[in-house]
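Here the structure comes first, spelled out in structure tokens, and everything after it is commentary.
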Amino acid sequence: MQPIPEDEPTASTSTDARAPNNKQIREKSIEIAEIEDEDEEHDDNTCCHRATFCNPVLREILVTNVISTCFELQLTWADLFWLATVCGMTLLTWAVLYFLLGDMVLPGGSIFGLLVLVVLSYALGWTLACIPRLHLPPVFGMLLAGIILRNTDVYNIHDMLGPGTTSKIRTFCLTFIMVRAGLQLTTTALRAHPVFVMILALVPCTVETLAVTVSCKYLLEFPWNWSFMTGAIVACMSPVVTVNCLLTLSEQGYGEDKGLASLLCTAASIDDVHIVSLFSICFSFVFSNDDGRTEWWSYIPGGIRDFLLGLIMGIILGFALVFFPHRNHKYATWYRIGGLALASLMCTTAASRLAVTGGGYLATIILSFIAVHGWRILTISYDTTPFHKAFHFLWHFVQPILGGVIGADIDFRNWAISRFGLYLACVLMGISVRSTTAFLTTIRMPFTWKERLFIAIAWVPKGTLQAALAPMAFERARKEGDPTKIELALDVVKISVIAIVFLAPLGAIGMMTSGPYLLNKISIEEHQRERELSYMRIVALQPVRTRKKTKKPVHSDTVKTLSPIEST
């Protein structure tokens, strides 16, 4: 080998000379990218930065800037944009309905009254929900708006719409509650802590059902079948209030050291499924239409028959939605969302039409649960976020309709003061037994006494299911025309209203107030790491699927090129 001359630069020397330049280029490109991202974020937060025809002062206004502060509530330009959007959509809705229906949408018409009811329910519900430190659920204010309109003689829903239309509205709205309950069911927490989740989901609500049943029997002198149905209605916890409060606390890091939010959300969903099943059975025993029938299925008890029918229909429709449409379809997600909504509405409307009572709602929960988990199994990387977002968006507009219509059904002028005390006693008896049972059932679980006390408080809220299930009994009793059943059904509705009015805000305020004191808080880094580990655990539960590599056929006319070594 010949020696390299000293004056000839080596390859390493040239590489070292270029290295600082490459590093500087990379750093400069990163700085430029960060500046561009900041500029883009700034443009997105401005009022109308790219609209050159606007006033320069308006173009540079940031919508995140605070306009005013009142009682720790900060009002920003973004809030004003949102209010303007809601007002504009309301006016457009009224205009479309007017051009379609005519005078019915003008003041004094039936549709105009319903539209005013929904708008006021939406406004009052979200206004009370935005009050700092109270954490009131929106359904509380929406129900209150309907009660105010009815008891001030501003709007009488029965005179305007009639009982049949209000029943259909409630059925439509309740369907989305059941779909969201089925979507919230997850098997991750159930696999990790099966005993704890099942005990917490089944035991407290069952004990509360029995406590309310006995209270209604001996305090209100209900028949046993009506007592059991009332106990099943009152024992339903509010998935909306509980889950929202738990997610708010978990985002701040409270309870994330033990994954309390996911455990309680799963237990709350199973709790609702269990209670809806009990309600469908009890409802069928109260309103049985099998007298005088000779068909073979009429000899099966109505509650068990409706339960089995709802279970079978939910399984069949759930598996049908799993495979149709095919997962490789271009718009599979949108077809699945539409199919899930239509199948659920078909179950609930068919149940009300065919007098299958609560079996339709049970079928809705089961089919949504099976469909979502089937999609997750068939797809390698599957995300349920679009489904949650879609039905959350629908529920955002359906909730004021349900709360307002149910509140407009309540007339306090027909209430007796003596009976009001008995209603409240039944509710308090049930919730005290429920909270005590929830505290005692977690005694052997890996939780401190403070965490167990928080679990007992988290099991207090009532709300959406009481507002939806109780009017079903009243509607059915009014159809049959029996004065005794109508009076009993009114009592059931009154008990449910008291449970909502007292326990929905009490539970939400109790959870948000006691959470920072009773739960451990982890740092932001630990919170992020727990989220990543949780995602990895979910991914680990997915079955491993590998694609078979197909070998390309070797054609006879292929020319093989030999290397110089092979040619020698």
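Yeah, the Cβs are placed from backbone N, Cα and C, and that goes for glycine too.
Summarising the annotation, TrEMBL assigns region 'Disordered' to 1-23, 549-568. The annotation transmembrane segment is assigned in TrEMBL to 80-100, 112-134, 195-220, 226-249, 261-287, 307-325, 337-355, 361-378, 390-408, 420-441, 494-519. As annotated by TrEMBL, domain 'Cation/H+ exchanger transmembrane' applies to 120-476. Look at TrEMBL and you will find 559-568 tagged as compositional bias 'Polar residues'.
Between the transmembrane segment (195-220) and the transmembrane segment (226-249), three or more CB pairs separated by 6 or more residues in sequence fall under 8 Å, so the two stretches touch. Proximity of distant same-chain residues to the transmembrane segment (361-378), defined by a Cβ-Cβ separation under 8 Å and at least 6 residues beyond the stretch ends, is recorded for 174-175, 178-179, 181-183, 185, 187, 272-273, 276-277, 280, 307, 309-311, 313-315, 317-319, 321-323, 327, 336, 340, 343-344, 347-348, 351, 384, 387, 542-543.
Panel annotation: around the transmembrane segment (226-249), residues 135, 137, 139, 177, 180-181, 184, 205-206, 208-214, 216-217, 255, 260-261, 264-265, 268-269, 271-272, 275-276, 278-279, 282-283, 285-286, 426-427, 430, 434, 458-466, 469-470, 473, 488, 491-492, 495-496, 499, 504, 507-508, 511-512, 515-516, 519 of the same chain, lying at least six beyond its termini, place a Cβ under 8 Å from a Cβ of the stretch.
For the transmembrane segment (390-408), the partner stretch with the highest count of Cβ pairs under 8 angstroms, out of 80-100, 261-287, 307-325, 337-355, 420-441, is 337-355. Here the transmembrane segment (494-519) has Cβ contacts under 8 Å with residues 133-137, 139-140, 143-144, 216, 230, 233-234, 238, 241-242, 245-246, 248-249, 252, 254-255, 260, 410, 415, 419-420, 423-424, 426-427, 431, 450-451, 453-454, 457-458, 460-463, 466-467, 469-470 of the same chain, all six or more residues outside its ends.
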